[in-house]
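Student: According to Swiss-Prot, the feature domain 'Obg' maps to 1-159, an assignment based on sequence analysis. The domain 'OBG-type G' annotation in Swiss-Prot covers 160-332. Under the heading GTP binding site, Swiss-Prot lists 166-173, 191-195, 213-216, 284-287, 313-315, citing sequence analysis as support. If you look up Swiss-Prot, you'll see S173, T193 marked as Mg(2+) binding site, on the strength of sequence analysis. Annotation comment: Swiss-Prot describes 355-433 as domain 'OCT'.
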Amino acid sequence: MKFVDSADLIIKAGKGGDGAVSFLHALFVPNGGPNGGDGGDGGSVYFQGDEGKHSLLDLKLQKKYSAQDGFKGDIKNMHGAKGEDKIIKVPVGTILYDKKTNNILADINENNKLVLIAKGGKGGKGNARFANSRNKAPTIFEAGELGQEFEIRAELKVLADVGFVGLPNAGKSTLLRAISNSKPVVADYPFTTITPQLGVARTKNNDTFIVADLPGLIQGASLGKGLGHQFLKHIERCLVICHIIDASGNFGSEDIIKNYELIRNELKTYNLNLEKRAEIIVLNKMDLDEAQLNLLDEKIINYFKNKKVIQISGLKKENIDQLLFMIYEELKVAKKQSLWELDKNNNQDEMVIYKFEEQKEDIQAYNKGNNRWEIAGETIFKIYQKFPIWTEDNLLMFNEKLKETGVYETLVKKGIKKGDFVKVFDYELEWTD
């Protein structure tokens, strides 16, 4: 089983800035030429791999990301500035899907890898670009193109950094709730957790790591008893093991030591290379009087004196910050060791990368009845968006571009007549011969 963290996002690149319509106005130059500048390109949206991130929690908190629009062109041939790009940092191993097609847009498989997901719209041309020998004072301009927009799903196959192990009812699920955003089922009976529960823990310094509350272990798990191999398979991916022990055991120090050794032996039997893994012994339920008395026993003090031990109460959230700090420090060391390189290459799924291509849409012409027609399609929309009919020259250009698509010829073949009206998105134009 792999843990999968996911987040749904709306990604929007910036719109290009509109081109400007202006003319030179200077002393002794009464009929200056056009000098409207071009608009700037819209900002694009990129995703970047960041090995310092371990979850998609940030993406879940902010579901919409937009790059900045390009700035409009101005007088004196001044070009608008480009919109600022948006860079979204995600953990290495994040895969991005187009929600509509379920195609893979990108596999962020390297640290600092930068991937373009939504391209900003091109800035529109100002009227200075349209001057020619036939039209020396054009009022034609282009609106900036719209930036790309996608609904995407980000998925991260999570390898838990830290595994909570312990006998059933040791308080692992309660502790997971205390240190993370996870909400596992908690009840006062054995085997509450039957599948791994995942949580993102965050220290006071905003360092994060992934914690897995693993199913309660019983004697004989290495031989397949109980949840057996299923449990042990999960823990071999963890870099740090937190051994959670109920310090309030009915039989005092003997109970605590026996429980620790039982699980330790099961892990050894499964050949988990424990000597290479950091271990923290977490004595839980210290809010209970029985636990306080048990830890006064010299046997306990001597047995654990050379081990990393911390006393906490998951229920009362006592000493939790110190536990998180201890875990994170151990994790930093563990990630530098060769074990991390060995583990992260195990059981890697083969990945097929699909090239994302925009769907080409045919031009459509509809007879709506009552002398009303409508034209639509991606190509028609681009012309509509690019040439706002705010000036007479733009209206002429708009018609010329539509004519080039062949849609007018299609309308004639379908029987359009002089005086009919043609709807082009929110424009309605009268047809003339």
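Any Cβ shown, glycine's included, is placed from N, Cα and C.
Note that the coordinates shown come from a computational prediction; the quantities given were computed from them, not determined experimentally.
In the displayed structure, how are the listed features positioned relative to their neighbours?
Tutor: On the 0 to 100 pLDDT scale, the domain 'OBG-type G' (160-332) averages 76 in this prediction.
Taking the Cβ of S173 (Mg(2+) binding site) as centre and 10 Å as the limit, one finds 24 other Cβ atoms among all the protein chains shown. Under DSSP, S173 (Mg(2+) binding site) is assigned to a helix (H, G or I) in the three-state scheme.
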Student: Among N169, S313, the binding-site residues in question, whose Cβ has the most other Cβ atoms within 10 Å in this structure?
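Tutor: The most densely surrounded of these binding-site residues is S313.
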Student: With every protein chain in view, what's the tally of Cβ atoms within 10 Å of the Cβ of K172 (GTP binding site), excluding that atom itself?
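Tutor: I count 30 other Cβ atoms within 10 Å of it.
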Student: DSSP on the domain 'OCT' (355-433): how many residues come out helix, how many strand, how many coil?
Tutor: 30 helix, 19 strand, 30 coil
Student: Report, in whole Å, the straight Cα-to-Cα distance of S173 (Mg(2+) binding site) from G166 (GTP binding site).
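Tutor: Just about 11 Å between their Cα atoms.
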Student: Cα-Cα separation of S313 (GTP binding site) and S173 (Mg(2+) binding site), in Å?
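Tutor: Given the Cα positions, S313 (GTP binding site) is 12 Å from S173 (Mg(2+) binding site).
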Student: Specify the secondary structure state of K285 (GTP binding site) as given by DSSP, simplified to three classes.
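Tutor: The residue in question, K285 (GTP binding site), is coil (DSSP, three-state).
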Student: Within the chain of K285 (GTP binding site), which residues six or more apart in sequence place their C-beta under 8 angstroms from its C-beta?
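Tutor: Non-local contacts for K285 (GTP binding site): G171, D246, A247, S248, A291, S313, G314, L315.
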